[in-house]
Ligand code: AP5
Ligand code: ZN
């Protein structure tokens with residue numbers, strides 16, 4: 001099963017993608033996580049990506065497309081995967097479709113996690129990420145058992161650099177301009193499914209599992 005997660009920054013794509021990946025035993029491929037790992041490791045890609053990410057802008061398509069196409073061609077992706085944060089522009093979606101059609105494959109579901117802008121800023125302010133393993137929490141909606149300590153690995157928690165309110169506003173603007181057109185793109189190809197992302201994490205997940213027919 002090949003699944004794409006769509007939605008505004010902070011809509012809950014990553015939260016749901018991790019749960020889908022665990023339930024269906026398929027890889028969770030997050031371009032944001034890949035860039036953050038590269039930044040942490042000081043790679044050339046990380047240095048380039050950081051200049052865009054810190055401003056709330058998209059990383060140029062040419063830095064993203066090959067990376068994802070290579071990743072989905074790896075052996076562990078044979079039974080499917082969940083893409084989180086890609087595609088994010090029409091050219092990225094077209095590049096993915098082209099690469100998959102060469103292999104006689106296609107995306108099965110594009111799931112749009114729908115959350116209005118007014119909810120987003122509040123969510124981002126409360127998000128905390130583990131510096132060690134990247135697990136994501138929320139001070140109010142998904143708290144850790146011990147304050148400031150990751151449940152999974154015991155690492156410390158931080159506010160992501162791009163979760164400052166002014167950068168969140170910028171990311172939302174970029175989302176509406178460059179990523180929202182994908183809603184029409186996947187409506188036209190007939191694979192778009194919209195879920196209400198404002199309800200509890202578990203309720204969102206239940207709806208997604210129903211859509212996936214499991
Ligand atoms: P990326 O990491 O993909 O960021 P994003 O799309 O802005 O999405 P987020 O990770 O911020 O949010 P999310 O929807 O995953 O929400 P989450 O589950 O964490 O990308 C970062 C940057 O990298 C981009 O700005 C860009 O520069 C670059 N980039 C990445 N991919 C790219 C690409 N393809 N092309 C170009 N550039 C690219 O949830 C948010 C919070 O809310 C959490 O605290 C969570 O616990 C909480 N929460 C989740 N669900 C619920 C719920 N139902 N109720 C209450 N709280 C909830
Ligand atoms: Zn951790």
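Here the Cβ of each residue, glycine as well, is placed from N, Cα and C on the backbone.
Caution: TrEMBL annotation is automatic and unverified by curators.
Feature list (source: TrEMBL):
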- 10, 11, 12, 13, 14, 15, 127, 136, 137, 199: ATP binding site (BINDING)
- 30-59: region 'NMP' (REGION)
- 31, 36, 57, 58, 59, 85, 86, 87, 88, 92, 160, 171: AMP binding site (BINDING)
- 126-163: region 'LID' (REGION)
- 127-162: domain 'Adenylate kinase active site lid' (DOMAIN)
- 130, 133, 150, 153: Zn(2+) binding site (BINDING)
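With a CB cut-off of under 6 A applied against ligand 1, none of the binding-site residues 133, 150, 160 are retained.
You'll find the Cα of residue 127 (ATP binding site) roughly 15 Å from the Cα of residue 133 (Zn(2+) binding site). Break the domain 'Adenylate kinase active site lid' (127-162) down by DSSP state and the numbers are 2 helix, 12 strand, 22 coil. Look at residue 14 (ATP binding site): DSSP puts it in a helix.
Rounded to a whole number, the C-alpha distance linking residue 137 (ATP binding site) with residue 88 (AMP binding site) is 24 angstrom. Annotated pair residue 133 (Zn(2+) binding site) and residue 160 (AMP binding site), C-alpha to C-alpha distance, rounded: 13 Å.
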